[in-house]
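Notes to accompany the following structure.
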Amino acid sequence: MIDNTKIRSLLEEGLTVFQLDSIGDLLLDFLLLLNKWNKTYNLTAIRDIETMVSKHLFDSLAILPWIKGNHIIDVGTGPGLPGIPLAIAKPDLQFVLLDSNGKKISFLNEVKRQLNIKNIEPIQIRVENYHPNQGFDTVISRAFSSLEQMIKWTQHLVAQDGLWLAMKGRFPDTELVPIHQTYRVERYAVPGIEGERCCVLINNTNKE
């Protein structure tokens, strides 16, 4: 039995930190839908809904300050993480949610329908086979094992003056060694999560 009151309280407490108090109801609806589908389709390894609040919702929202532009893609989005929380927080931005897993894209289409989220476009395709008409301002992912692999497989997606945003745990010293583009690393804290979190911002320009 899910204690909606407790979940709502956890959400409100964290959203106050992000100054996003107004989106609590929609995030809760997303979380409950994710929890329901997860029992059948194994969309995420996290089963505890309270843990989902911090590790899925808050971790996604924490990268908001570094998103660039209006045209965003979340590569390997899975069940819409971080794409759905970001789209809820920023309804004026457009998000493509890319994944090759049909069950996850079916879930995202249901999220779009039930929650009436108009600024997302779930697409089922492998990243190397996706060729949009224009590049994206920000390419987000937490799905790649290394920064080098992320750039390799998504180079064709980023706009000329665009940005890669990779979500990481510990500071990725060794992953940064082969990166030829200019970059910076931003550390951040997530309510309810202990330990280091950071995101790597990589510009689509080579180091001089």
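Cβ coordinates are placed from backbone N, Cα and C, and glycine is handled just like the others.
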Checklist entry - Since Swiss-Prot lists G76, L81, V127, E128 for S-adenosyl-L-methionine, which candidate among R113, R142 does it give for that site as well? => result R142
Item to check | Lowest local Cβ density (other Cβ within 10 Å) among binding-site residues: L81, V127 | outcome: V127
Next on the checklist: Within its own chain, what residues at least 6 apart in sequence put their Cβ under 8 Å from the Cβ of G76 (S-adenosyl-L-methionine binding site), listed in sequence order?
Outcome noted: L98, D99, V127, S141, R142, A143, F144
